[in-house]
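Note sheet for the following structure.
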Amino acid sequence: AATPMMQGIIDLHHDILFFLILILVFVSRMLVRVLWHFYYEFHPFPQRIVHGTTIEILRTIFPSIIPMFIAIPSFALLYSMDEVVVDPAITIKAIGHQWYRTYEYSDYNSSDEQSLTFDSYTIPEDDPELGQSRLLEVDNRVVVPAKTHLRMIVTPADVPHSWAVPSSGVKCDAVPGRSNQTSISVKREGVYYGQCSEIRGTNHASTPIVVEAVSLKDYGS
């Protein structure tokens, strides 16, 4: 996990897995007990199990409480994923094209200065350098400061796209005619890879996303 959002997703997964293990153990014990008491070779005359009101109440209440323990953190996580930072340090606009992306650092665009805009193309699978991942590397990475709140504005130039970086817990669809936004805050330096997860024709998975988080002190600012 590179962001608190992805860390929350992982924690929620572990919490749900804990409850699943409890349910698995309880149900498995019930099945084994039934097989033991009603197996004809061990018990030609099956034991008589009397109906009990207490067990009926417990097996109705506990399955109702477990979804509440799952729903409360999941709702909090969903609302936090939709939350957009009011005053982000940097705003980056990602424009999706058919087989490449254009990135624009909107905070540094003005009428009298050249805008900070560049295209990001996939490095062909025959041209990667040593250490680069096949079909996951681009010629121009998105460089962002670590430990800083960022706002991503995602929009397409032609067909539907998606800006998804799994390690950041971000998946934002780009719908023609609309601009969607999301917030990320990378907590550690590193290089994080993603791909377009929108089915929009041939080679749609070969449009990678590479985010490089750097420390501000490396640039003296």
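Residue numbers in this text run from 1 along the chain shown.
Cβ coordinates are placed from backbone N, Cα and C, and glycine is handled just like the others.
What TrEMBL annotates here:
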DOMAIN    1-85  domain 'Cytochrome oxidase subunit II transmembrane region profile'
TRANSMEM  16-36  transmembrane segment
TRANSMEM  57-79  transmembrane segment
DOMAIN    87-221  domain 'Cytochrome oxidase subunit II copper A binding'
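Sorting the domain 'Cytochrome oxidase subunit II copper A binding' (87-221) by DSSP state (H, G, I as helix; E, B as strand; all else coil) yields 13 helix, 61 strand, 61 coil. Looking just at the domain 'Cytochrome oxidase subunit II copper A binding' (87-221), the mean pLDDT is 83.
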